[in-house]
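Taken from TrEMBL, the feature N6-(pyridoxal phosphate)lysine applies to LYS35. The active site, proton acceptor annotation in TrEMBL covers LYS35, TYR244. The substrate binding site feature in TrEMBL is assigned to ARG130, MET292. Among the features that TrEMBL reports, domain 'Alanine racemase C-terminal' is placed at 223-345.
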Amino acid sequence: MPTGELFIDLEAVAANWRALDTMSAETVETAAVVKADGYGLGAVPVAQRLAQEGVRAFFVATAAEGVELRRALGPEPRIYVFYGHMPGEADTLKRADLVPLICSILQLTAHLETLPRHPFGLQLDTGMNRLGLKPAEWDAVREIVLAAEPVLITSHLASADTPEDPQSADQLARFREMTEGVEVPLSLAATGGTLLGNEYHFDMVRPGIGLYGGLPFAAAEPVVALDLPVISCFDVAAGETVGYNATWRAGADTRIATIAGGYADGLHRALQPAMEVMAGPVPCPVVGRVSMDLLTVDIGHLDGDPSTLSVLGPHHGIDALARTGGTIGYEILTSLGRRYRRNYRGMVAG
Ligand SMILES: *Cc1c(COP(=O)(O)O)cnc(C)c1O
């Protein structure tokens with residue numbers, strides 16, 4: 001028996017892509033970010049469904065992710081690699097026809113030496129201070145880079161999930177300055193930047209989390225649902241404790257359901273003590289510590305013993321669960337366990 005059943009709705013992913021695509025002008029390409037195995041949901045099934053929808057550009061973090069995607073998608077789509085050109089990867093980039101997004105002077109030199117005619121893109125640092133050429137570095141190599149004909153120039157916004165934060169406007173201004181007079185296609189916006197409006201769109205937007213139903217795309221269709229089977233139900237008397245270190249004590253006689261799923265399945269201990277699971281429309285508090293493979297739930301207020309309890313669903317999504325543990329929907333998704341049975345809706349045949 002798997003620890004739970006994870007439903008992944010690829011039709012909702014496609015609908016979210018279409019909704020994000022309509023936010024920018026016809027002339028703006030809407031790509032898709034499928035790094036970290038499609039935010040934990042399966043890069044291959046997600047990308048195959050989106051390719052069917054018309055997506056022609058995909059972004060991954062590592063060259064290995066790019067190789068997997070190339071195999072699944074065939075030769076047509078362009079696949080960009082955020083880690084750029086890492087040492088020893090020239091052959092991989094070449095054979096899988098991946099476009100490294102060069103992110104340092106060192107990478108630039110290595111790339112132009114080892115793969116002089118292979119397509120590449122460039123990351124500029126407009127203030128996030130994570131990856132990309134700084135303004136002074138860009139000034140120094142600009143002519144050489146442009147002569148080598150990059151296929152895309154990107155930067156990344158640090159605070160686009162917070163529309164009132166002035167950092168996005170600062171980064172936009174710097175990106176404009178750094179790319180003035182440059183004829184190469186430009187891309188600045190991920191999901192948050194796509195929502196900020198047209199001036200952030202340039203030639204391409206590259207949403208990730210919004211495709212998967214997460215904030216800041218509040219209007220997204222939910223993509224995942226997760227049900228865990230109930231293994232055992234029993235009564236506890238007032239004053240008894242539940243779980244490791246007896247952190248929860250029953251205030252009154254009640255009934256406990258022990259369900260299949262724990263921190264080894266991505267349900268982190270930090271989600272406690274505010275975590276709830278759902279019996280249909282009825283919330284049930286998770287009580288006691290989260291174990292490796294088990295959760296204990298107070299079901300004293302239910303009419304009967306349920307056979308499954310829902311951890312994620314249309315009315316209690318990834319961001320609601322994330323809030324109880326002080327994290328973000330991105331981390332809930334990318335932590336989803338490998339022991340779940342995965343059930344896809346809208347999978348592309350073949
Ligand atoms: C992850 C990532 C994205 C996608 O971001 P979302 O917030 O998930 O839309 C886009 N660009 C870069 C550089 C990234 O690292």
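Glycine residues also receive a Cβ, built from the backbone N, Cα and C atoms like all the rest.
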LYS35, ARG130 as recorded positions, winner by CB count within 10 A: LYS35
Local backbone state of MET292 (substrate binding site), from DSSP in three classes: coil
For TYR244 (active site, proton acceptor), the one of LYS35, ARG130, MET292 that lies nearest, given that the recorded positions are compared by Cα: MET292
Rounded mean pLDDT for the residues that make up the domain 'Alanine racemase C-terminal' (223-345): 96
Helix-strand-coil residue split for the domain 'Alanine racemase C-terminal' (223-345), DSSP-based: 23 helix, 50 strand, 50 coil
Rounded Cα separation (Å) that holds between ARG130 (substrate binding site) and LYS35 (N6-(pyridoxal phosphate)lysine): 17
Helix, strand or coil at LYS35 (N6-(pyridoxal phosphate)lysine) [DSSP, three-state]: helix
Around the Cβ of TYR244 (active site, proton acceptor), the count of other Cβ atoms that are within 10 Å: 12
